[in-house]
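To start, the structure itself, in structure tokens.
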Amino acid sequence: MAGLTLFVGRLPPSARSDQLEELFSQVGPVKQCFVVTEKGSKACRGFGYVTFSMLEDVQRALKEITTFEGCKIDVTVAKKKLRNKSKETRKNENAESPKKEPKHKKAKVADKKARLIIRNLSFKCSEDDLKAVFTHYGTVLEVNIPKKPDGKMRGFAFVQFKNLLEAGKALKGANMKEIKGRTVAVDWAVAKDKYKDAQHASAPGVKKSSDRKPKESGKKNCRVEEQVEDSDDEEDDDSHDDEEERESTIASPVSVHKRAVKRAAPEESIEEDDSYEDSDLEEGGSSYDEGTVDSESSAEDQEDEDVPVSEKKKRKLPSDVTEGKTVFIRNLSFDSEEEALGEVLQQFGDLKYVRVVLHPDTEHSKGCAFAQFMTQEAAQKCLAAASLEAEGGGLKLDGRQLKVDLAVTRDEAAKLQTKKVKKPTGTRNLYLAREGLIRAGTKAAEGVSAADMAKRERFELLKHQKLKNQNIFVSQTRLCLHNLPKAVDDKQLRKLLLEATRGEKGVRIKECRVMRDLKGVHGKMKGQSLGYAFAEFQKHEHALRALRHFNNNPEIFGSQKRPIVEFSLEDRRKLKVKELRIQRSLQKMESKPVTSKPQKEQKEVGKDKQQKVVQSATQDQSKAPGEQKGKAGSTSWSGFQTKAEVEQVELPDGKKRRKVLALPSHRGPKIRLRDKGKVKSLPSRKPKPQMGQRKQKKQQLASSVQAPKRKAKENKAEARFNQLVEQYKQKLLGPSKGAPLMKRSKWFDS
């Protein structure tokens with residue numbers, strides 16, 4: 001409980017624990033309170049500790065409490081937390097002893113881990129030279145160059161760093177580098193017993209048993225230098241190369257970890273580290289814990305070499321997994337310590353133990369841990385708080401999101417490890433065609449206008465007809481929105497869609513376009529909206545959440561004009577043609593010399609973006625449907641909600657294949673059982689005209705249209721003829737000046 005314990009200093013010798021508790025209980029409930037006394041007396045040593053249950057009480061105590069019985073006192077947040085021990089030991093023991101002992105134990109373990117072996121070392125190199133080289137990577141605590149009894153060097157050395165991170169940097173930086181004219185090999189130093197095991201494994205004809213353990217548990221922390229110093233002393237000066245080969249046998253099987261944790265030694269006995277080798281299950285999301293067993297007793301039991309290996313395997317260890325109190329933590333930082341993890345978990349209840357899983361060879365953290373609570377309720381609280389749907393977004397430690405699951409037995413963990421998670425292989429995503437489906441007669445259809453229901457039925461019929469073509473697939477990220485008001489533009493629609501996904505993080509809309517009528521539109525004028533639009537999201541989860549919130553929502557545009565939202569249908573062939581067209585245009589742009597370089601760069605950037613959009617659309621069909629958040633938009637009007645379930649179908653030949661989730665089996669209005677006997681009054685419809693009547697009407701219309709056309713043509717020709725006659729008259733007889741032409745007499749009448 002970091003930050004919940006206060007250190008109270010400058011207390012008078014007469015101070016008692018009950019007085020201190022009475023003072024601090026005025027601020028809030030005190031979980032623990034005691035003063036540190038002198039040995040053999042009740043006189044206070046001048047300081048004490050107070051632990052609260054809530055952080056708010058700690059802040060109040062720091063501000064309000066400044067005196068104790070008239071004396072001024074110092075109240076600060078305690079730096080170190082006392083270990084969980086019984087109440088009697090807390091009251092009687094000295095407060096400094098529980099701090100010093102764990103530090104001493106941890107320091108030893110850390111020292112042994114952050115130790116490197118340097119092989120192929122030059123005889124001219126001294127300890128000071130080595131220290132000067134490795135000081136660049138961190139604090140060097142010790143440099144040891146083993147020597148023979150006659151004082152000659154053996155050709156290798158050990159370098160001890162302060163922590164594991166610095167040792168890892170030195171291993172990366174100094175490996176295969178020259179020191180005093182000789183290329184050195186740097187690796188992790190390994191314990192003596194593991195060195196022996198590696199030697200036996202590398203020897204020909206010797207089979208290494210998996211259950212082999214050291215005979216004496218007290219020799220576990222010994223290092224390779226002990227084995228090397230016990231080797232034959234009658235070797236020559238140039239025999240250090242052979243020694244390097246012996247050392248390399250232990251360096252090869254060791255996997256290098258960047259970081260590790262310091263392993264605490266809790267009083268409760270826990271199983272040996274090598275029992276957790278297969279515990280980190282990445283895909284199964286589960287874990288196992290084989291119970292609590294005393295490590296020393298297990299090591300002593302294995303000293304008996306007469307017991308066959310088969311009997312050892314059959315021996316079942318006691319397990320506490322069935323109690324439901326043990327949890328398995330994954331995604332743990334390699335720097336996280338058991339004490340810090342315990343402080344995070346202790347807010348849910350008292351802990352029995354916390355154990356970080358270490359690698360059996362390097363003794364570095366594997367990034368996972370086990371923790372057992374005293375009660376099952378505390379474990380359930382921890383699981384609930386660790387879920388991503390919790391208020392705080394789960395549990396975090398050292399900047400990493402912790403994944404917490406209930407521990408399972410070793411057998412169940414083996415089954416989970418071998419069990420393959422079958423991923424859906426469908427490429428058309430037909431199951432998404434059902435998303436948002438609303439049938440007449442369902443609860444979601446209540447209050448929907450008849451015009452909207454007619455539109456939905458028409459769109460559903462068109463969707464079924466299009467999906468009969470194998471080249472058409474349902475997009476996972478692109479939405480098609482119908483029944484939009486004419487006044488809605490791109491910006492307003494984008495804003496509404498972002499509001500629909502306000503609970504999600506990192507929502508990005510790649511495209512949001514309202515389709516418009518572009519006929520007869522010139523300049524900057526926008527055409528009239530066609531009442532539908534397309535919106536493409538970056539992630540399927542965000543598109544699904546927006547659909548479930550937006551579809552049939554009466555609060556957006558009113559109950560009489562509800563939006564109709566569905567996943568868009570894409571044509572694989574058209575997307576390929578579009579991609580080829582973009583590639584051709586890019587090639588043309590590259591081939592043409594452009595004077596203005598910035599404009600060219602801008603165009604290329606724009607084309608690259610378009611190409612990425614098209615590629616993402618084409619790859620969309622092959623993506624496996626992701627996990628959907630069922631809580632998104634779970635309202636009465638949102639319509640049918642799909643689940644990306646993977647079902648198996650057994651074929652006649654005995655083989656199994658994935659069941660393809662097809663389109664909805666039921667269409668049209670839903671007729672409930674209670675309404676089956678009732679006769680519904682259908683709206684009166686006009687009788688459809690017969691085929692003969694239709695033909696007669698068409699002929700009449702055609703004849704009525706053709707008659708005026710013929711008359712118009714005849715009138716035109718007659719007018720043209722009259723015009724020509726008039727022109728000839730004017731040429732022959734002269735222009736008429738408004739007076740009627742006089743009839744001229746013939747020549748023979750004179």
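Heads up, the Cβ atoms here are built off N, Cα and C, so glycines get one too.
Marked as compositional bias 'Basic and acidic residues' by Swiss-Prot: 85-100 (among others).
Annotation source Swiss-Prot lists compositional bias 'Basic and acidic residues' at 208-226 (among others).
Taken from Swiss-Prot, the feature compositional bias 'Basic and acidic residues' covers 598-611 (among others).
Here the domain 'RRM 1' (4-80) is broken down by DSSP into helix, strand and coil counts: 18 helix, 30 strand, 29 coil. Residues annotated as domain 'RRM 1' in Swiss-Prot: 4-80.
Across the domain 'RRM 2' (114-191), DSSP classifies residues as 22 helix, 26 strand, 30 coil. Per Swiss-Prot, domain 'RRM 2' is recorded for 114-191.
The domain 'RRM 3' feature in Swiss-Prot is assigned to 325-409.
Residues or ranges marked as domain 'RRM 4' by Swiss-Prot on the basis of sequence analysis: 477-582.
Taken from Swiss-Prot, the feature N-acetylalanine applies to Ala2, supported by similarity to another entry.
According to Swiss-Prot, the feature region 'Disordered' maps to 84-110 (among others).
Taken from Swiss-Prot, the feature region 'Disordered' applies to 195-320 (among others).
Marked as region 'Disordered' by Swiss-Prot: 587-716 (among others).
Taken together, the residues in the domain 'RRM 4' (477-582) have a mean pLDDT of 87 on the 0 to 100 scale.
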